[in-house]
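The compositional bias 'Polar residues' annotation in Swiss-Prot covers 10-20. According to Swiss-Prot, the feature region 'Disordered' maps to 1-23. Feature annotation from Swiss-Prot assigns topological domain 'Cytoplasmic' to 56-68, 131-152, 231-260, 327-373. Residues or ranges marked as transmembrane segment by Swiss-Prot: 31-55, 69-89, 109-130, 153-174, 205-230, 261-284, 305-326.
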Amino acid sequence: MWAPERSAEEQGNLTRSLGSSEDCGSVSVVFPMTMLITGFVGNALAMLLVSQSYRRRESKRKKSFLLCIGWLALTDMVGQLLTSPVVIVLYLSHQRWEQLDPSGRLCTFFGLTMTAFGLSSLFIASAMAVERALAIRAPHWYSSHMKTSATRAVLLGVWLAVLAFALLPVLGVGQYTIQWPGTWCFISTRTGGNETSSENNWGNIFFASAFSFLGLSALVVTFACNLATIKALVSRCRAKATASQSSAQWGRITTETAIQLMGIMCVLSVCWSPLLIMMLKTIFNQTSVEYCKVYTEKQNECNFFLIAVRLASLNQILDPWVYLLLRKILLQKFCQAVSQKQREEAATLIFTHLSISRTEPGEARVLFSKSKC
């Protein structure tokens, strides 16, 4: 049940296609090792910051959002810990995947893990976008209905639904197969074959298409909700333009939030769109990237597919920085810049007063003490 079925011709082609994957082992192993280390550090740091903020009383209104960030960081970190070590061991051992995994069960587990954790990240990002949009556009409904228990239920529901979808190949709908250059497994996009395998081919088409459409749908929901949030923030900022201090504060908040949301949309689109669109393209064109070493004319397509998968994996590293860590760093830099500017303005003002009215030194200390960020 766990082992993907292959014909004799397919097995021979696959063996030839993966034979040269050992040649790039010493070079390519740097990529998964770097991703594992950076991803683990970033997500662990994000989880630490979330746990500290979650315990504070003043963050009660942010608990739903903090739960989503913590769940996303945990999802990304566990996904990397389950997949990256397998790739590293395969590169360092200079073995083909079939030598390391003759039964094919590890391949199925690897593909299931990539599918489940990849879709989970996308859907959690969508849930966070919906949560932000509701908090900004419907604050009264949000405060009365959006409890932490509801957030936990939604996150758990996302996880269970994605896991059920990823288990479809185990039940016979779709396949997880070895992908070029033979160091990882993922959803099969193979659509050709003889009549005996037509049922498997239709299963491959359905499963791969469903994965792509689900991923693209999650991206669309995230984009729509983030744009709605930005629009609502800009409208509220204009409405508060009557009071200068309130207007300046809301302008700063709107700018920071808009930059962060646009950064999230850019990262998601760059990391996931190439893989999802290319999977649909290979299905509609009835092509496959599983036998790259056999058909040399597909070499460019195979290289692009590998880059697309690496970009999707890179999203697990960028998530904690885009959602939490980078925002904290930018806020600290902003505070330092404002504080420095206030000190310079205070020093200029003090120098002017001293030169004109010979102000007592005690007043300078008072002005400096009020110029803190």
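Numbers here mean position along the shown chain, with the first residue as 1.
Cβ coordinates come from backbone N, Cα and C, glycine included.
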Grab the same-chain neighbours of the transmembrane segment (261-284) for me: Cβ-Cβ under 8 Å, and only residues 6 or more beyond its ends, written as numbers and ranges.
122, 125, 129, 132, 187, 189, 191, 205, 208-209, 211-213, 215-216, 219, 222-223, 226, 229-230, 301, 304-305, 307-309, 311-312, 314-315, 318-319, 322-323, 326
Range from 69-89, 109-130, 305-326 with the greatest count of C-beta pairs under 8 A to the transmembrane segment (31-55):
69-89
Which sequence positions outside the transmembrane segment (305-326), separated from its termini by at least 6 residues, show Cβ-Cβ distances below 8 Å to it?
31, 35, 38-39, 42-43, 45-46, 49-50, 69, 72-73, 76-77, 79-80, 117-118, 121, 125, 128, 179-181, 184, 186, 260, 263-264, 267-268, 270-272, 274-275, 278, 282, 289
Cβ under 8 Å to the transmembrane segment (109-130), counting only same-chain residues 6 or more beyond its ends: which ones?
2, 65, 68-69, 71-72, 75-76, 78-79, 82-83, 86, 154-155, 158-159, 162-163, 165-167, 169-170, 176-177, 184-187, 211, 214-215, 218-219, 221-222, 224-226, 229, 264, 268, 272, 312, 315-316, 319, 323
According to DSSP, how is the topological domain 'Cytoplasmic' (131-152) divided among helix, strand and coil residues?
19 helix, 0 strand, 3 coil
For the topological domain 'Cytoplasmic' (131-152), distant same-chain residues with Cβ under 8 A (at least six beyond the ends)
61, 63-65, 67-68, 225-226, 228-229, 232-233, 236, 261
Return the average pLDDT for the topological domain 'Cytoplasmic' (231-260) as a whole number.
68
